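Some features that Swiss-Prot has for this protein:
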BINDING   Cys177, Cys181, Cys184  [4Fe-4S] cluster binding site
DOMAIN    1-141  domain 'B12-binding'
DOMAIN    163-391  domain 'Radical SAM core'
Amino acid sequence: MEHKPNEFVKRAMKIDIIIVYIQRYRKGHEVHFVPPLTGIHLAALTPAKHTVRVIHQQVETVNLDSEADVIVLSFFSGFAPEAYRLATEYRKRGKITIAGGPHVTFAPEEALRFVDSIVIGEGESVWEQIFQDIEQNTLQQRYIGEAIPLTNIPTPRYDLLPPQYFIRRVVQATRGCPFTCSFCTVPVLNPGFRTRPVEAVLNDIRYNKFKWWWQRKTVWFWDDNLTANRPYIKELLRQMIPLRKWWLTQASMDITKDDELLDLMRDSGCIGIFFGIESFGQESLEDAGKRQNKVAEYQGKIKKLHDRGIGVMAGFISGLDGDTPESIRDMANQLEEIGVDVPFLSILTPFKGTRSYSKMMDTDRLRSDLGWEFYNGYNVTFVPSKMTPAELLKAHRDLWRSAFSLQAIFRRIGRSLFTLRGGAMMMCSIMNLFYGLKALTNNEPISFEGTDEYKSIRETIDLIPYSRQNSLS
């Protein structure tokens, strides 16, 4: 069945925004910690005359027989096969399909094989135009979003979130990051560093129509580097103090050089900071482009947060060029020694648009037998420098099991009783128990090796991540 755009001219439409997901753990889980911002942000930008729903495939079932007129699909590379499967099914049912997100930006020609229209880059500047064009039967194949000032960003549609998310108030105050880590797409996707007006951010924080007290109390900043603009963040934090919230975000370790900032973070209710530590090896840090990280300083920097009762979440990447199976397994002990409260453990994934991808292409190290579903942070998509792909996968899983063993979980929780304030201790304990339960029930990250779920899609549409055709590298 072909869709007929003329049907939609000059009338209100039903729009489904689907945040595409492929399960990353063996058994999945019914409750997730924090929702993505994209869907409820786009919903807030949608003209009021239209009816919009946001479906998070991470926690909700996608209805292929939806009554929606327009289907919007947003996805990362690891979820591209599922996005294309959904798009194919929706087009059979006569729906207008639109795709956007990081993967579409870096693989536009590929995406256009499955949808009617794509958004490249940031979507705010073209979002309203898309629906005007649908009404006029002039929908374009491509819309190029510009990196516009963040002065008119509305409060997200929190009312459209499903109940399965533990934290619900997700906020963005800034966009971009001044650093250029080799594995990160942010410098290309979100160029420059931009800030929203402080009062607009405070309006989001004041939104309080949530069921549970911790949802009304907690703010999760979905910023890539919230503290990069020091005058801005200090003013925001001063304004947040009277609101008496708990908040978490991501920042660079260089914040520990600024005691005034750390004190403001404490006074405004910070309970957790995520640092991208990535590695304990100098060669691996150089491979990651993490010039700002100094291994000898890790413990002292984390202590400065603990001295203020703030929890430290930290990301570690396995598979950088300096890594060996032994160094990866050793990270379980090393992250304990420096005082990390909640570790996040991933495998290097060379996404299109990153220097890692270009490097792997140039050295012929991308694995040519794998589809996009492997690009989810938990599978090996390239040939490592000092081990085989199988050795890297095993070392990562050994690290994961060790870091989330019951002994490690309760050591971290026990330490938090003496180093963290109440909100930080509670949040870090919940996160640790969340992952500890996974380890206890063998709910590990899925290894896609040997699985055929998306084989037919790969064969049909020739999704080849390593292809130079139509790629931005």
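Yeah, the Cβs are placed from backbone N, Cα and C, and that goes for glycine too.
Since the structure is predicted, the reported quantities are computational estimates derived from the model, not experimental observations.
Applying DSSP to the domain 'B12-binding' (1-141) sorts its residues as follows: 50 helix, 28 strand, 63 coil. Within its own chain, Cys184 ([4Fe-4S] cluster binding site) has Cys177, Thr354 as residues 6 or more apart in sequence whose C-beta sits under 8 angstroms from its own.
The average pLDDT for the domain 'Radical SAM core' (163-391) in the predicted structure is 96.
The [4Fe-4S] cluster site is defined by Cys177, Cys181, Cys184, and by the 8 Å test on Cβ atoms against their centroid, the other residues of the chain that qualify are Phe179, Thr180, Phe183, Thr185, Val186, Pro187, Asp224, Gly276, Gly289. Within the same chain, residues at least six positions away from Cys181 ([4Fe-4S] cluster binding site) with a Cβ under 8 Å of its Cβ are Gly276, Ala288, Gly289, Lys290. Taking the Cβ of Cys177 ([4Fe-4S] cluster binding site) as centre and 10 Å as the limit, one finds 20 other Cβ atoms among all the protein chains shown.
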